[in-house]
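To start, the structure under review is shown below, and the notes come after it.
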């Protein structure tokens, strides 16, 4: 591959649409290769803004604003990092010859739970939980009765667990409706899912490039209110279940096409593997790879996009704990004990300009056998404070 100098007319440019903590790590990996980075988000001083060559704060759901910026910057690759983006702008950008990663149609299918569920279950005939889509409270009540209780209720468009809830009985339906409607994102339509009494859930990081499809070690995770609080790698699972997960992940990512990393989520019950969701980009649970792999999910994503060789050397088991702010602040300060930083552990601070209760501000990372790594990652998170 030929590497040009950044800030020159012939520079290789990556535009990040979404500049949170995941985008920040992608930007850092691109910078290590001398790639020019343009970071875009809806607010100033987002994490990836701090490590980019140029940054912008725009309404990413405004088609005209997105296209105007793309034409101005002329990126070699456009990397959507969040769901709240004008999909029509991405389709138009492709028509104009710009390269969207993995492609605009894949982003369209995966940014919307309805699109990806219908694609997986009905087009690809993959095993999923039962589901219905509703747009009214009466429709939600009826769907709950048909699906059965408990059931999981989510907006078709939201991220990081926003708007998700479990209705244990019919009496919970109105509360779930209100939770969904108060979430950020588009809550005009909801998905009602059968609750699968799973043994565990995993993320299978799946990487596509010109040479084929490769998988990282499976990642186990625990979620609270739909957002991860702890992840670890590897997740111990039977060879049969892992093979099924890999086959499903390959089928769905082959169906989407393009290159880069995909975070494919599954529920596992006994030996049954249920497809859940998919993100066509690095996954929050995959931050554990910052300490467990020779090339993190972010490095793999950038290298796959550029067509560079990939390395999947696994250093050893590890865990990642999410620290969420306890306070509101326009100038957040994190207090982290020194013993969080050792030869086998560290904390990544995202540098977000504001905090609010429940906002993810940092992660702890520990390299150790799984049980001890999970304990230590959780312990470190519990010792952090903010003000």
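Backbone N, Cα and C define each Cβ position, glycine as well.
The N(1)-(5-phospho-beta-D-ribosyl)glycinamide binding site annotation in Swiss-Prot covers 21, 22, 81, 284, 352, 359, 360. The ATP binding site annotation in Swiss-Prot covers 113, 154, 159, 160, 161, 162, 163, 164, 193, 194, 195, 196, 201. Look at Swiss-Prot and you will find 118-306 tagged as domain 'ATP-grasp', backed by sequence analysis. Annotated Mg(2+) binding site per Swiss-Prot: 265, 277, in sequence order.
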Have a look at the binding-site residues 163, 193, 195 and say which one has the shortest Cα distance to residue 359 (N(1)-(5-phospho-beta-D-ribosyl)glycinamide binding site).
163
Across the domain 'ATP-grasp' (118-306), what does the mean pLDDT come to, as a whole number?
94
For a quick check of packing: other C-beta atoms within 10 Å of the C-beta of residue 359 (N(1)-(5-phospho-beta-D-ribosyl)glycinamide binding site), how many?
18
Just the number: how many Å between the Cα atoms of residue 21 (N(1)-(5-phospho-beta-D-ribosyl)glycinamide binding site) and residue 113 (ATP binding site)?
23
Listing them in sequence order, which of the binding-site residues 22, 81, 277, 284, 360 have their Cα within 10 Å of that of residue 201 (ATP binding site)?
none
Spatially, and counting Cα to Cα, which of the binding-site residues is closest to residue 352 (N(1)-(5-phospho-beta-D-ribosyl)glycinamide binding site)? Options: 113, 163, 193, 195, 277.
163
Distance from residue 265 (Mg(2+) binding site) back to residue 22 (N(1)-(5-phospho-beta-D-ribosyl)glycinamide binding site), taken between C-alpha atoms, in Å:
17
Check each residue in the chain of residue 277 (Mg(2+) binding site) that is at least six apart in sequence and keep those whose C-beta is under 8 Å from its C-beta; list them in sequence order.
113, 116, 264, 265
Give the helix, strand or coil assignment DSSP yields for residue 22 (N(1)-(5-phospho-beta-D-ribosyl)glycinamide binding site).
helix
